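Now, the feature entries from TrEMBL:
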type: ACT_SITE; residues: Asp165; note: active site, charge relay system
type: ACT_SITE; residues: His198; note: active site, charge relay system
type: ACT_SITE; residues: Ser375; note: active site, charge relay system
type: DOMAIN; residues: 864-921; note: domain 'SLH'
type: DOMAIN; residues: 924-987; note: domain 'SLH'
type: DOMAIN; residues: 993-1051; note: domain 'SLH'
Amino acid sequence: MVHKKMYAGILAGLVLGAGLLLPARGYAAETGPQAEASAAAPTATKDVVPGKVLVKYKPSAHSGSLTLQARSAAPADWTTLSFNPATAVADKMAELQSDPDVAYVEPVYKIHLSAAAPQPAISGTLYDGDESYMKTWGKAAADLNNLGDFSTVQHNQQVTVAVIDTGVDLSHPDLVDAIVPGYDFVNNDTVAQDDNGHGTHVAGIVGANTVTGTVYGVAPGVKIMPLKVLDQDGYGDTALLIQALQYAMDHHADVVNMSLGSLVDSRALHDVIKTAYSQHIVMVAAAGNDSNHWIQNEPGQMDNPAQDTQRYAKLATYPAAYEEVISVGAVAQLPDSSYAIADFSNVGKVDVVAPGVQIDSTKLGGGYTYMSGTSMASPFVAGLSALLKANNAALDDDDIATILRTSVKPAFLHDTEQFDYVNFTEYPNNAVSPAMAYGSGLIQGLRAFQLPRLKMTRASVNFPTYQDVTYQFTMLDVHDSVVNATYGVSLEARHYEELAISRESDTSYSYGSFYNGSLVNGQVQLTTTISSNNPVYYFYVFGSWVETGEGGKTYVHRSNIETFLNRPVVPSVSLPSGEYSGAQNVTITSPYLEGEVYYRLQDASGTSYGKFTMMGGSLRISKSSVLTVATRNNSVFSEDAVYQYTIQTPASGGWGGGGGGGGGGSTQTPPTLTNGKMVYALTPARIDLLIDLNKDTKELTLDATTKEKLDVLTIEFDADVIAKAASRNKSIVIKGNDVSLQIPPNALPVKDESVPFRFQSTLKAAPGMSGYQAASPVYDFSFTVDGAPVTQFNQPIQATFTYDKSKVKDPAHLGVYVLDEQTGAWTSVGGTLNSNGTISAKLPHFSQYAVLETRADDQTQPAHDPRTFSDIQQHWAQKEIESLVAQHIVDGFDAASFQPDASMTRAQFVTLLTKAFHLERHGSATGFTDVADDAWYREAVYAAYEANIVSGVSEKEFAPSASITREQMAVMMVNAYLYATGKKLSDLIVTDEVKFSDEGAVSSWARTSVRIASGLGLIHGTPTGGFEPSSICTRAQAAVVISRMLDTLKK
């Protein structure tokens, strides 16, 4: 949201010196009714990854199989889009925001490990006992040494902790037995090997387990899932972190540790965090190591005291700063054995603290080493969470968070409030409070298993319909058994202040009536009335109880919470998104009588932030911009509303390439009437083509549509553009008035030479044809390179034709046909009907094409419907057979029958594939001794062989007359899928792996293809759960499988 990027500006006055708090992301001073949005606030460009953005598409834009995905696919709602790093991220965001299928775009932000803090510069500032104590002081401080009665190694083995970090040393002897499969998102492979050492150290704190049992982590035996998102230097980005979180969810991790952070609040990351939270995964993250609490010779000092004279604190980084994540700060042990916040530990949103200075753990390459940082504190909490989960699998994330907060040691922690911080000088943040530094306190393992917790559940809540709310409170032990206790309980509510840097700033929410109560047999029910009538609210409800400790000291503990949120509506903006000529005034108004309107304006010169009072205000926009606005009412922010403005200045024209976006260096001559024919010659400027080649799109579009009806269209440009597009894996799309052509990368045999390339399309009326009705004119296509015709393609070109609906009786009889210019016969190349009155087909070469409808001869009534047969009526494959017959892919056994249950030979099946994919033989291979020169299937076999779709049963034999088996068919179908999509087998993974009861009977060479074919939905198992790999394929089965393939490729 806008306010999340602005809130650091609220604190701008607290900062002395550059960069002491957060990167400058403040808002401008309040403006008058009219203001020029020109002064850009500084932005943290150093935190933005060039050449990447995260895009959230609207639900209607989603498509594709849920069982098969690219290996590096992002979560379903968010897609990582890569582009030329030379393109400004803001420009790419503005471009994408104008796409109607795009809901939201944001930069990809850098993340980094919560870097290891320095070792003490002088002696005497930290406790320094004997070596045996120092190796385990962290576990001793957190009371984690004697928990064997509560959780055993065997119990721990049922829990998986995902360590999202630099990877883990997969061969470390004290970790190797704990590691389960993970993923390396940096290098995009399944081997998440550490090349930094940080992740290995973190994993050891969670669950190292030596053979001797003398050195071990917090939860020995727990399963470690290594997910590598940081490179060897400890850097990554939010896109990789999102993928890792999705992997952890998909593979059922119980706990996630993230000893890393980003300075920037990412909406995309937060969305995925919320999803993981909804699945009750415990997420733990390091608060960060950017502060400086101890100066000069003070105990706790870890820097050079002579130069360390300013005390400052920075706020917890993301993802620790999100409410759904348990944020962990670090403590150090001082010479007097007391504990204090670690010199480096960040503050603000901190839930608990754990030991984080001079922690001994596993080292990359073997052995052990000391490291310091909140990175080391976080896995203590993750490990304790795993122990709790191992003890009681029914505990969810809220239960564990409540236990951790309730069981802390709040005493013996040095107060920070007495010290002056150079960047905390204004109320209410004129000091670093204990809650900001330590959260609830220092975790305590033994108390976590011994002290009960208060759990709140709904008894009668229907707010805001009814203002009375009733909750049941129960005191539970770690096993979820009711504890017979008599503590007093209070029901409280607090307003959630979104701009606060600590929850202790939240004020009490309005009550009409209020009741305290006491537990009876460990339970009590309390009712209160929420008296606020404001329709905008953000508050949370919880129960509290008081523990009396040694010496009569009391400690207040909270139950879990419930949040109530109803955001205000977005502001009204006078100018809708769109394209405008010249500078525009935009008026922004609030629908409320109080509050503010916040805005962010992004254009090529930078980003500016600002706000208006409830009266609203105006902005003058003189450049193409993205405007984001939000309302703040009753201290609650609305969602964002985003507007995209394209500001045009008078221009001399453009060629209209690159998807219809003009702006080139050429001025096109309009269509002209020449010799009675309307002729249009499109010659796009080379510079425009090169610019479009460098855009992050999958296609280079040449838009040759005109208002006039054309007879001849020519497009001419340098041939090297085709080679450059292929090197970027871009298709070239030619858009005409009634036809469009999609040329895949490397489809044309064109060299990287600056010689003229010319496309021409000539239209003429279709002649009368017996048995056919023309639904389009005849298109005569041609390509030439330096005047020489291009006679064959490396792979087919897809053409989409618009047909005349008024001339069509039955669209199911339509097809695309090519003229054999020697015989004068028209031959079908197939065709797929689209919903918009067009038909698509793949053209194996250029010639004359037309859309024709097959009809019975005017003089002769056919004996049967040419699309069906008597023996497939009511057959389970009738629909698919008739569809392929209409496309001229399959034929009947004779004029009246199909014989659906007859077996199919390998030659017959390959022939169907060549028809379905319009394969043509280009080479002269003759390797199969059993494929005769005059065999009817010869051309089909070698066309499929050249396309790498089929191979022989041996090097010399194809076995054309042998019946095709189900596993052979699976291999051919997957190869055909790879041919049609341009993918490699290594590009595909099956996310929901299908296992058949007879999988062991599948030949090793076919096993991968069987799984992928099943994942694609091409081939199903038998009703008994098997695959029957050696069973013979019938004619009906072959038709169904090919029909499914063609349907899959349309998605």
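Glycine is treated like the rest: Cβ placed from N, Cα and C.
TrEMBL feature annotations superimposed on the structure.
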{"residue": "Asp165", "record": "active site, charge relay system", "DSSP (3 states)": "strand"}
{"residue": "His198", "record": "active site, charge relay system", "DSSP (3 states)": "helix"}
{"residue": "Ser375", "record": "active site, charge relay system", "DSSP (3 states)": "helix"}
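Annotation for the active-site residues His198, Ser375: lowest Cβ count within 10 Å of the residue's own Cβ, His198. The C-beta environment of Asp165 (active site, charge relay system), restricted to residues of the same chain at least 6 apart in sequence and closer than 8 Å, consists of Leu113, Asp194, His198, Gly199, Val202, Ala203, Pro226, Leu227, Lys228, Val229, Leu230, Asn257, Met258, Ser259, Leu260. Taken residue by residue, the domain 'SLH' (993-1051) breaks down under DSSP into 28 helix, 2 strand, 29 coil.
Residue counts of the domain 'SLH' (864-921) by helix, strand and coil are 23 helix, 2 strand, 33 coil (DSSP-based). Within the model, the domain 'SLH' (993-1051) carries an average pLDDT of 79. In the domain 'SLH' (924-987), helix, strand and coil residues by DSSP number 28 helix, 2 strand, 34 coil.
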